[in-house]
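**Student:** What follows is a single structure, and I will ask about it in a moment.
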């Protein structure tokens, strides 16, 4: 401020009021006439102006004003614009304000330019307030309150140049990633002003000071790495990366540096796997900060542990003599360590055969011709072994050994079935078996005769059955029916060579099976034979021991009914059975079988003819039969019936009894259920006295005592005895009491009498009250429970009379007569009860005094002692001078009553009773506590116990002791014995336990006298708990998508580890751990992982399902793999000739991406056009290959659809994206090729399909002729009718949505005939002329339209006539083909000639293209193959070809073998027989393998084997029989398998026989609606079958009818 002198004020009435603004030197000079600020000064001549700006020049004027005449008092004199004032302004004066410190200095602007550089800029102060003399820049390091460090301010820059306001701080003291503060200070000539401090953080730099890590191998595949943070992190460490490199001895090979895993910054210890065993690696740690700058430590070397070898070599055999093998082998391809030893195992065994370091082994003591399965194991250390795959070796052949003797499976009177198996040691391949037989004759003449008869009836052929199951030892059929087995393979054999020690009766050459059966039917009944087996191989033969057997006998005949008699002793439970020999024994009698009713027969020796049957039911009828048995069977006699004698009833029920009154009861009963005879009478006994005897069943018994309990029983009697029931008890009703004796009186003192009485002699009920009358006065009443009364207050020397009255519910009784007693004149009185003191648990001291009134000299004292409960009473007598006595021998802690009796010469007196208890004793017999585990998942036990058997006092508490059982290999010991509870309860729950630990408990019972410990309880384990100290897992077999994880052993298991869970997540993600595997073993394999990814893995171990503990984490990095999840490229920009593509990294790179490849091809569908387009995918071309992710694809065609895809490659493979399509931009169409015009006699064809490239959407084509439009449309062709010869000028224009394109003009001349000529012109050209002008020529007649139409009609008519003739001939040639019955064969089909030369005509053979249902063949049998006739043969096959196929089977030996049939099984049943296969026969008879039967064909009774029936009944009439187990066609080859489960002949189908003339026809009718099948037999053979006793079928020629759903029936013989 400054003063202004003068008395006037500034006034400029015509100017707008303005504020005063000072002018500084650096501001432009304002208008001098400008009014700044008006300060009224009134009449003063000086004024102080304040509020001005420092160091500013101001211009000040003084205005002086006078008042006009018309001014009123209301006018404002202070206003400079008052019109009533007249003013004048003086000249301006200039003044400058003084300087002041600068103000308004803004904060500096900081820009970090590097880890150790900061750029500082600032603005000048808003108010310099003087001349600026310089700027200073200060810096200090930011300090936090936690550090407590005071920041030091340092001036880093000064400049006097006020125009320089930028400073780059590159001080060496700056540290990376450090927070600093900057301040700018500005000064003028007055003072300086500071800005605020501004914070900035330098950029991060490469971490430094990372020490070499500590590396330790933890497994053959994993290494544990520990490291410290870097000394100078120079930033925020985000993660650590562990890198490793395999060490090699080859200096030319440099293995790549691999990344093992990436761990977060908080982890300084990690384990990684995926390494090779027994390999040297060097490992380092890379620290990565937020700026992705990496600091590496020095390498540290480590070697992994050895591991089991890989690729163990196979064994090689160098010697094989049948008993030993010499093996040698090579070293494993990948040893994974130093091989310490080799082992050789047998497959399936854990004990090695041989352990060696030498690669050779001599395997001895082997079985010849045996396959051995061995495994070679190579080991680099203990438990570090690998086995080779199993290898098989076979020893050489030697002579067979130990041929088991044959087994006789079955024998009867005419046949013996033996079976045998291969030798226990074949020692090679068996080439033959020989069955050798010898006979131990018993009836040689009969045998020879039988053999002659057998050989005349049968051929030398015998049967051999081989069963698929080893049933020889358990097969016991009822008869010799080998065809009853399903899967049987038969062989034909012949009897031939004789042996010195028997005859060879059968041989098997080149056997295929391990067991065989042989049925020898050339045997005699009841004859002993011996059999042995000779087994031969290439090295020799071996014979078995002889096995002997005997043929069977026949059953006896003529067995008479037995004689059954009652025993002489008349026993009701036995009968005597007698029998005789049968009339004809038919062999050696072996046993008699006696059968009673339907019971199991009893067997007796043949020498016994009587049997006493015991344990029978009395009075019961029994039927007896006797069977007489030999080895050949049994015969049954007729039934004989007999009844047993009577016996007492089996059981008599107790009678029902009820009381009628006080002297009578009523009894009733029922008849016994099992009387064992006829009841003659009943006896009722009351208290073992008979009170009734007779047949009544309701009786009243009187003259009984009142209110008395009686025992009542009943006897029921038959002629043979009586049976007594159990006792029933009953009580009679009450009656008035009777017989009450007089009471007993005792004078106890001169003043008292004691009255004692007994119960009435007959209470007749319960006594409920007693009344005592003295001198007819009622003096005492009680409830009937006391029979004593002490009457006091009597006069001495006085006679008193007493009467007792007893009452029950029915009345009363008085004692008679009254009794009296005179009180004594002077007896002692006032005897006090003894004073008692318990001195021990078994003794009490009694002390007493003389009576209060001795009434004389006390002669003696008697001390009475009685137990309170058992009322045992003792007495002790003492002289009158004794007043104390210790009673001994009492029970522990029991109550006793004590009283005294004192006597003088005049009498005695008794004291009152005193009660005392003995002292307590220590308890005894404390039982051990019962300990149980209530919850298996809690470490607690429940203990309960009972009081001791002998408490001997009051139990005041229990001490519960516990001790821990520690079990080791040397034994067990007890630890930590202590008291865990002091309680008065009988149970305790102990929670202070260690999980899964054995404990024992002891209970100590305590009373006042002592304590009683129990024995220790049985040891029991506490409940389980989660494991403690679960270690981090280890990793094995790390692959790109799987890893094998092995759990360690927890520090404390706390139970049995039952479950193992694996939790994983990708390291460095926020995701939670997920359970990825669960198992019961420590080793888990996790699959479906992402390659080249670090996972955090934790193992969870569980003792029970809910008791689990999670272990420490470990980290594993999967191996790299080809990329995965490559997304399609994105189209950024599209033009008509190029487009721009970009793409991203694959979703999972699985390694380092080396390059990208972009492929391009034409795609479908084509871009839209208004006409159909044919689109073909183009070949894929590589448009780009490189590391970039952006590509501009050039040289494309406009308006074309292209497909693109990206393939990313890393060092392990590639990943292709899906195809992405794009359509290029549009352009104007272009003309590329001329179009063409052709013509014939009537049409001109103009085509331009390749003349244009449209490059956009076609709107239309336009065809013009001589500039006139003749066609508009989308088709690239047009047909123009030719009317004659003329010259055309064609031009085509393509119109699209982007423009048009025109072709050249085509001049087409048709005047010269032929195909015409054409010339191309531009739009401006004229066609060339051949002469002076181009004239129109007339077309020849053969090119005119009428001629062409007439010619076409003529040609069509000729073609029609030709087709009509062909169709007519075709129809006439096919008219005869369906002239036959479609569903039934001719009656003549199937008639077979009968005679010795009869034969079976086989089925015709067809080639592979033949189908059974495409034709129908009727074969007619004849004696000559030339007579085979064929009718209605399908046109696909000629009669000659069919005849040739049929002749291939004519003459085949398909006759029946008579030994294959068995006797008839039951009445009216036919047995189906499976026959043998003869290779020689079947080789000719087998059907072609390519013949196909379809499921639609119904085939009945078809078999390549023969069919036989056993018939022994008269077939003269019609029969309805059943064929059992009929089956469809068997397997003829791999192409002809029919479903065996489809039964053709069902059990409920009808089988009928028609006996007409000389033929017997069997007809099978299917219940499911199929057509019948016919079988025909000749009468002579049926008659032969009817011969009695001959159950051998003969050869039968049988036709079989087939049915085809398409062609109907056809018959084969």
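From the backbone N, Cα and C atoms, a Cβ is placed for every residue, glycine too.
Just so you know, TrEMBL annotations are computer predictions that nobody has curated.
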**Student:** Look up region 'Disordered' in TrEMBL and report which of 48-87, 88-127, 128-167 it refers to.
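**Tutor:** When 48-87, 88-127, 128-167 are checked in TrEMBL, region 'Disordered' belongs to 88-127.
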**Student:** Quick check on the annotations: TrEMBL lists region 'Disordered' for one of 792-813, 814-835, 836-857. Which range is it?
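**Tutor:** From TrEMBL, the annotated region 'Disordered' range turns out to be 814-835.
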**Student:** Choose the correct range: of 1326-1346, 1347-1367, 1368-1388, which one does TrEMBL annotate as transmembrane segment? Give that range.
**Tutor:** 1347-1367
**Student:** For the region 'Disordered' (814-835), could you work out the same-chain residues 6 or more beyond its ends whose Cβ comes under 8 Å from its Cβ atoms?
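**Tutor:** The answer is 740-743, 745-753, 757, 794-806, 846-849, 851-856, 858, 863, 898-904, 906-914.
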**Student:** If we call contact 3 or more Cβ pairs under 8 Å (sequence gap 6 or more), are the domain 'Fibronectin type-III' (1030-1124) and the domain 'Fibronectin type-III' (311-398) touching?
**Tutor:** no
**Student:** Given a Cβ distance threshold of under 8 angstroms, which distant residues of the chain, six or more beyond its ends, lie next to the compositional bias 'Polar residues' (96-106)?
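**Tutor:** 2, 22, 52-58, 122-123, 125-132, 184-195.
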**Student:** Are there residues at least 6 beyond the ends of the region 'Disordered' (88-127) whose Cβ is under 8 Å from a Cβ of it, and what are they?
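**Tutor:** Sequence-distant neighbours of the region 'Disordered' (88-127): 2, 6, 8, 10-12, 22, 32, 52-65, 135, 137, 157, 162, 165-172, 174-177, 180, 182-196, 198, 200-205, 234.
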**Student:** Provide the three-state DSSP residue tally for the domain 'Fibronectin type-III' (209-310): helix first, then strand, then coil.
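**Tutor:** Counts, helix then strand then coil: 0 helix, 48 strand, 54 coil.
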**Student:** For a three-state summary based on DSSP, what are the helix, strand and coil counts in the region 'Disordered' (814-835)?
**Tutor:** 0 helix, 7 strand, 15 coil
